[in-house]
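Questions regarding the structure given below will be posed in turn.
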Amino acid sequence: MGAKEGSSYRQDVVAVKSRCWRALTWLRGTLLGSNQLANDGHVDDENQERGNWSGRLDFFLSCLGYAVGLGNVWRFPYLCYKNGGGAFFIPYCIFLFLCGMPVFCMELAIGQFSSSGPLTCWECAPLFRGIGVGMVLVSSLAAIYYNIIISWSLWYLFASFSNPLPWAECGSWSTPLCSGRLHPVTENCNNWANLTAQSNGTCWFSGRDANGTAESYLYGIYNASLARLHGIFVRASSNDYMNYVALQDKLGSFLHTGPLRWDMSLCLLLAWIIVFLSLSKGIKSSGKVVYFTALFPYAVLIILLIRGVTLPGCGNGLEFYLTPNVTKLSESGVWKDAAVQIFFSLSSSWGGLITLASYNRFKTDCIRDGMLISICNCATSVFAGFVVFSFLGYLAQELNTNVKDVAQSGVGLAFIVYPQALMKLPGSTFWAILFFLMLITLGLDSQFTCVETAVTSILDRWPHLRRYKTLMIMTFCIVVFFLGLSMCTPGGLQLLTVFDDYSGAWNVMVITILECVCIGYVYGVRRFVKDVELMTGPRIAGFLPWRYFRWWWMACWCFLTPVIVGITLVFSWVKFEPSKYDGEPLPLGAQVFGWTLTLGVLTGLFAWSAASVWQMRSDPGQLIRPTRFWGPALVRFRREVTYVPGFEIDPWGRDNSNEHSNQAKKVEDEATSHNFMNEAFNADDVKA
């Protein structure tokens with residue numbers, strides 16, 4: 001062997017051995033659960049007991065996916081059109097900066113500073129421990145019905161794998177008012193002997209069928225406006241398909257739900273399997289799944305917008321969406337809608353934000369992340385409006401009607417209007433699959449956090465269960481799956497409507513007000529802003545000086561935000577309307593059940609706080625003082641809380657201040673081991 005060939009051979013051997021060593025190191029880290037992806041220089045997690053996000057982007061995308069949900073796509077655009085078009089952006093942005101963003105950032109800071117979920121993070125003022133119970137109950141109730149919407153989307157996704165789409169024509173399942181069953185007629189009913197013009201704007205056929213049996217049926221509508229005055233509306237084929245095939249909501253009711261549907265039950269089971277697999281390793285697995293579930297909806301929205309603005313009639317839809325009607329701003333209902341939408345759009349006071357932030361590394365700039373996520377969330381809502389109304393304009397032109405007649409929100413937009421518009425496009429199967437995949441991913445991110453909130457709260461309250469976290473997640477998924485089966489019936493849509501209207505409405509506003517009172521007045525806003533500075537440093541986002549910027553947040557947390565939420569809450573009581581389905585109030589039993597959900601959350605909240613009062617009855621002053629365990633979870637960060645006299649550094653008696661040095665030693669040991677292996681390889685090469 002020549003010298004050059006020998007040298008090349010040794011280089012190849014070294015390269016192969018180096019690759020094998022890296023592969024073994026990666027495999028060892030995977031099997032032992034070590035995390036080499038941390039981007040702040042630490043090996044493994046900063047908090048060994050609870051764990052941390054693998055990277056900052058995991059946290060950011062998880063929060064973004066949690067905040068950006070179905071409401072951004074199927075509720076905001078309709079509210080914008082309803083409340084003055086482009087003028088609605090004014091109150092919407094005002095409430096974003098006065099209400100939504102302050103609460104969002106406050107909850108991120110609480111979770112990150114305490115490294116605790118919502119059930120145990122209120123040791124800053126034990127009197128308010130009940131806030132955590134209320135948050136966990138709201139998230140648990142949301143987990144029950146939110147996955148139902150995902151199961152509906154899965155059902156439609158599977159149904160979309162056909163050409164033509166199953167709702168493209170009025171089948172045997174449709175009603176006489178289905179658009180495909182009606183024929184074009186003139187005012188004199190085409191002068192046909194068998195057709196009779198009615199005073200309600202319709203033409204009826206009277207005659208005999210092939211067997212000689214007399215029959216009479218609606219043949220067509222010659223005056224749509226007159227027919228609507230008599231309560232006769234032409235129904236889109238997608239409308240009948242949803243009512244009688246997909247959701248079958250017209251075949252059941254709240255009081256008579258009907259039989260359990262096996263096909264929808266299987267879709268619900270599949271939805272829960274997806275959730276469990278994504279959360280099986282906690283944030284380590286869900287933090288990777290969100291790279292797809294949080295970003296995919298944006299890719300689909302961009303694709304749909306490009307397609308939408310090329311459709312005929314899109315301009316009419318966008319005009320309805322954007323044309324400002326400033327006179328609407330004088331109506332109190334517009335401001336109430338803006339406050340409610342921005343509040344619930346960000347998913348504040350559900351406990352999810354505290355949960356996600358509790359897995360952050362202590363020195364993360366959570367205020368920067370909170371501000372950016374809040375703005376991205378609202379920008380997504382506005383962007384989704386362009387997508388929705390470009391298609392609504394196209395659909396209105398196809399149906400020869402006005403945009404306002406096809407504009408809907410919620411379930412109607414997702415499962416009636418959009419499917420009807422998509423079926424008229426070339427390649428409708430592709431567009432339908434893309435759309436329902438987007439709905440699924442929009443819902444999954446929020447569902448991940450709801451489940452993680454409930455499980456994290458349990459594990460923080462009873463830490464000895466952490467070793468069984470996967471089992472706890474599985475148990476929670478199984479229990480909530482069986483609770484959700486009640487909505488896999490024809491009456492399930494009405495039941496879901498009650499859950500949606502009552503489980504996270506007024507009670508969430510009450511939770512927000514209590515949060516602001518706790519942080520602003522009981523714990524002390526001045527101490528809280530120092531806690532924030534300890535985590536973020538003297539500058540927010542690298543350029544905003546916290547010493548000046550904090551005054552804005554203090555004003556919001558102490559006054560502006562609780563006052564705005566309080567006014568919105570009172571206004572909602574004054575303008576209260578019972579829960580409705582298809583424009584009609586639900587029966588009394590549904591309203592009673594809904595109020596039971598609302599009061600159940602508030603009862604749990606105040607009962608847990610009352611238990612703290614009883615527990616500390618010997619010294620009531622403890623109720624409004626932080627406990628000795630309040631503060632950072634790691635001793636080395638607790639040593640930095642020098643602005644609080646008498647702050648206890650190590651209340652657990654387990655000094656973990658040398659944790660960083662232990663991790664550094666691990667890095668040094670691994671580097672030494674790696675060098676040793678390289679030296680061994682080199683020695684082998686020399687011998688060769």
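The backbone N, Cα and C atoms fix where each Cβ goes, and this holds for glycine too.
The feature Na(+) binding site is assigned by TrEMBL to Gly65, Ala67, Val68, Asn72, Ser345, Asn377, Leu442, Asp445, Ser446. Taken from TrEMBL, the feature disulfide bond covers Cys170-Cys178. What TrEMBL records for 59-77, 89-110, 131-158, 260-277, 289-309, 338-359, 371-396, 430-459, 471-493, 505-525, 551-573, 593-614 is transmembrane segment.
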Suppose I define contact as three or more CB-CB distances under 8 A, residues 6 or more apart in sequence; do the transmembrane segment (338-359) and the transmembrane segment (593-614) meet it?
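Contact criterion not met.
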Are there 3 or more C-beta pairs under 8 Å linking the transmembrane segment (505-525) with the transmembrane segment (89-110), counting only pairs at least 6 apart in sequence?
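Result for the transmembrane segment (89-110) with the transmembrane segment (505-525) is yes.
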With CB pairs under 8 Å as the measure, which of the listed stretches 260-277, 289-309, 430-459, 505-525, 593-614 comes out on top against the transmembrane segment (551-573)?
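By the under-8 Å Cβ criterion, the transmembrane segment (551-573) pairs most with 505-525.
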At a Cβ cut-off of 8 Å, and with pairs 6 or more apart in sequence only, do we get at least 3 pairs between the transmembrane segment (289-309) and the transmembrane segment (430-459), yes or no?
yes
Which residue, out of the recorded positions Val68, Cys170, Leu442, shows the minimum number of other Cβ atoms inside 10 Å of its Cβ in this structure?
Cys170
Select the closest residue to Cys170 (disulfide bond) from the following binding-site residues, measuring between CA atoms: Val68, Ser345, Leu442, Ser446.
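In terms of Cα distance, Cys170 (disulfide bond) lies closest to Leu442.
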Any chance you could find the range in 59-77, 131-158, 260-277, 593-614 with the most Cβ pairs under 8 Å to the transmembrane segment (471-493)?
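Stretch with maximum Cβ contacts: 260-277.
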In whole Å, how far does the CA atom of Val68 (Na(+) binding site) lie from that of Cys178 (disulfide bond)?
35
Any chance you could find the range in 131-158, 260-277, 505-525 with the most Cβ pairs under 8 Å to the transmembrane segment (430-459)?
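Comparing 131-158, 260-277, 505-525: 131-158 has the most Cβ pairs near the transmembrane segment (430-459).
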Could you check the binding-site residues Ser345, Ser446 and say which one's CB has the most other CB atoms within 10 Å?
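Most Cβ neighbours within 10 Å: Ser446.
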Given a Cβ distance threshold of under 8 angstroms, which distant residues of the chain, six or more beyond its ends, lie next to the transmembrane segment (260-277)?
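Same-chain residues near the transmembrane segment (260-277) but 6 or more away: 147-148, 150-152, 154-155, 158, 248, 285, 444, 447-448, 451, 473-474, 477-478, 480-481, 484-485, 488-490, 492.
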